[in-house]
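Listed in Swiss-Prot for this protein:
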BINDING   H120, D145, D149, D236  Mn(2+) 1 binding site
BINDING   D145, H147, D236, D238  Mn(2+) 2 binding site
Amino acid sequence: MVDMKIWTGRVDAAEGEAAKRWHQAVQAMPENGAPGIAIIGFACDEGVRRNQGRVGAAGGPKTLRKALANLAYHPTLPLYDAGDVACADGDLAAAQQRLGERVAQVIAAGHLPLVLGGGHETAYGHWLGLSAAHPDKRIGVINFDAHFDLRQASEATSGTPFAQIAADCARHGRVFRYLCLGVAETANTQALFDTARRLGAEWRLDTDMNGWQLADIRGQLAEFLDSVDAVYLTIDLDVLPAAQMPAVSAPAGYGVDIAVVEALAGRIAKSGKLAGADLVEFNPDYDIDSHGAKAAARLAWSLSRHLRR
């Protein structure tokens with residue numbers, strides 16, 4: 001059951017049908033609907049807890065829906081709410097499996113999944129759904145993140161999802177294609193850089209993600225897009241500077257400006273290869289006057305503006 005009561009906001013009825021906002025456009029997921037964007041919440045921060053982070057991201061989906069609700073709606077694709085997948089019992093693996101099943105279901109119905117996390121453990125569940133829905137496609141993972149999230153650990157955490165994806169690729173004979181944009185040398189040990197090299201990952205440091213470097217970044221991005229059939233885009237909001245995104249477990253001391261992230265994410269959305277996207281690590285407990293919620297909602301809104309199905 002989808003709780004649609006959360007989708008409320010300003011109504012500009014005097015300005016006519018073209019004055020809609022998201023809360024007036026989002027529908028509960030229908031059994032049969034025109035291809036659109038399916039919003040899925042992953043109300044989970046069990047991975048963050050296991051990774052010794054600051055919990056609270058389980059409240060992200062609800063807060064981000066509220067932030068999206070009042071944004072102006074410019075018609076591109078239908079918007080659907082496919083409800084939440086929660087992890088209330090600490091069983092992260094089961095929650096990730098349920099998320100994967102939900103993602104696969106919305107893809108089978110012709111929609112593009114937009115997942116609102118939740119910690120970055122969201123990524124492995126999202127991957128399970130994408131890989132099941134596209135078994136024969138070369139799926140590339142593009143991660144905007146200050147961290148590689150390639151940790152080796154005895155149990156899954158918010159720091160292990162891409163190591164898990166690499167292992168899943170190995171089990172199923174897939175090539176692990178991973179591009180991480182915004183990596184902070186201060187936040188990743190040499191061991192993590194060594195792991196990234198061993199797995200054949202590509203990356204770009206946060207210090208090489210400035211606006212004046214966009215031409216070079218776009219070139220690297222274009223090469224990666226050319227090498228894959230489909231893209232899984234994941235935006236860890238801690239890639240943004242702390243001044244723009246305070247509402248995360250690990251705020252960035254440097255970070256990548258939101259204008260750069262938006263421009264590059266928009267290019268990915270317009271490529272025609274986007275198979276699924278998520279925004280993760282938003283923690284409303286640490287937000288300041290909704291600054292973080294508004295920044296995250298802006299990125300989700302921007303993706304929707306660039307998509308065509």
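Numbering starts at 1 and runs along the chain as it is shown here.
Backbone N, Cα and C define each Cβ position, glycine as well.
Cα spacing between D145 (Mn(2+) 1 binding site) and D238 (Mn(2+) 2 binding site): 6 Å, rounded to the nearest whole number. Shown in sequence order, H120, N143, F144, D145, A146, H147, D149, V248, V280, E281 are the residues of the chain, 6+ apart in sequence, with a C-beta less than 8 angstroms from the C-beta of D236 (Mn(2+) 1 binding site).
Minimal Cβ crowding within 10 Å, among the binding-site residues H120, H147, is found at H147. The Mn(2+) 2 site, placed at the center of the C-beta atoms of D145, H147, D236, D238, has further neighbours from the same chain whose C-beta lies within 8 angstroms: H120, N143, F144, A146, D149, G182, L237, V239, A250, E281. For D238 (Mn(2+) 2 binding site), the same-chain residues 6+ apart in sequence whose C-beta sits under 8 angstroms from its C-beta are D145, A146, H147, M245, V248, S249, A250, P251, A252, G255, E281. Surrounding the centroid of the Cβ atoms of H120, D145, D149, D236, where the record places Mn(2+) 1, the chain contributes additional residues within 8 Å, namely A123, N143, A146, H147, F148, S158, G159, P161, F162, T234, D238, V239, V280, E281. The DSSP secondary structure for D236 (Mn(2+) 1 binding site) is strand. Counting every protein chain shown, 29 other Cβ atoms lie within 10 Å of the Cβ of D145 (Mn(2+) 1 binding site).
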